[in-house]
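These come from Swiss-Prot:
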type	residues	note
BINDING	Asn6, Arg17, Gly191, Gly212, His213	3-amino-2-oxopropyl phosphate binding site
BINDING	Asp8, His9, Arg44, His49, Thr99	1-deoxy-D-xylulose 5-phosphate binding site
ACT_SITE	His42	active site, proton acceptor
ACT_SITE	Glu69	active site, proton acceptor
SITE	Glu150	site 'Transition state stabilizer'
ACT_SITE	His190	active site, proton donor
Amino acid sequence: MLLGVNIDHVATLRQARGTRYPDPVKAALDAEEAGADGITVHLREDRRHIQERDVVLLKDVLQTRMNFEMGVTEEMMAFAEKIRPAHICLVPETRQELTTEGGLDVAGQEARIKAAVERLARTGAEVSLFIDADERQIEASRRVGAPAIELHTGRYADAETPTEVAEELQRIVEGVAFGVGHGLIVNAGHGLHYHNVEAVAAIKGINELNIGHALVAHALFVGFKAAVAEMKALIVAASR
């Protein structure tokens, strides 16, 4: 199972003071050295963390691959066509949210998403859709031509009781099986950390987990390379 390291919150810390540090590009290179299989960045409409310059620099220096998260807007579509990342993940986005709060409603806007997927695919990118583990959304993702999906694990991460955790984990298990059964590459992420990742990493059929906030938080105490290496070891062991 692959580990995609999201470096958005390295940029969050930088933007909090408007400084040039910490540098998310350095974090990305350190993550690669520590075993990351790819680097994920989300260029938001409000530019609250990652900036265009970060994406341009990362495209030039990464040894692995970039997973570029973006909202379905003309501005982002044009930027993605210019940058041409290896992977593009379409996500829902509102200015008021602290972080992405739910999956993209593909079923409710199939024509719009289909047009975006087709346009972005012409850049050579593998396009994925960030969706809830819901059969209706998974089927819609296949219909619009996306080769990959990323299942939103936030409800699992936020579950408080053992019963809720088990229910949300089962929802992910079923979503993965349904997606794989429909010929899709299935990734997952959101809210995963060192104490809840193993159960998800043990699910057969998941191609990649994308993790960011927990890594950046842990790196404050152990360093970025150590934080990434520790997470990678947990995922590899659980997915055997």
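The backbone N, Cα and C atoms fix where each Cβ goes, glycine too.
If you measure from the Cα atom of His49 (1-deoxy-D-xylulose 5-phosphate binding site) to that of Gly212 (3-amino-2-oxopropyl phosphate binding site), you get 13 Å. Nearest in space to Glu69 (active site, proton acceptor), taking C-alpha to C-alpha distance over the recorded positions His42, His190, Gly191, is His42. In the three-state DSSP scheme, Asn6 (3-amino-2-oxopropyl phosphate binding site) is classed as strand.
Measuring Cα to Cα from Asp8 (1-deoxy-D-xylulose 5-phosphate binding site), the recorded positions that fall within 10 Å are Gly212, His213, out of His190, Gly212, His213. Cβ neighbour density within 10 Å is lowest for Asp8 among the recorded positions Asp8, Glu69, Glu150. The recorded positions near Asn6 (3-amino-2-oxopropyl phosphate binding site), taking a 10 angstroms Cα-Cα threshold over the set His42, Arg44, Glu150, are His42. Spread of the 3-amino-2-oxopropyl phosphate binding residues is 25 Å (greatest Cα-Cα distance among Asn6, Arg17, Gly191, Gly212, His213). In three-state terms derived from DSSP, Glu69 (active site, proton acceptor) belongs to an extended strand segment. Proximity note: of the listed recorded positions (Arg17, Glu150, Gly191, Gly212, His213), Gly212, His213 have a CA within 10 Å of the CA of His9 (1-deoxy-D-xylulose 5-phosphate binding site), given in sequence order. Under the three-state DSSP scheme, His42 (active site, proton acceptor) falls in the strand class. Every protein chain considered, the tally of other Cβ atoms within 10 Å of the Cβ of Gly212 (3-amino-2-oxopropyl phosphate binding site) stands at 24.
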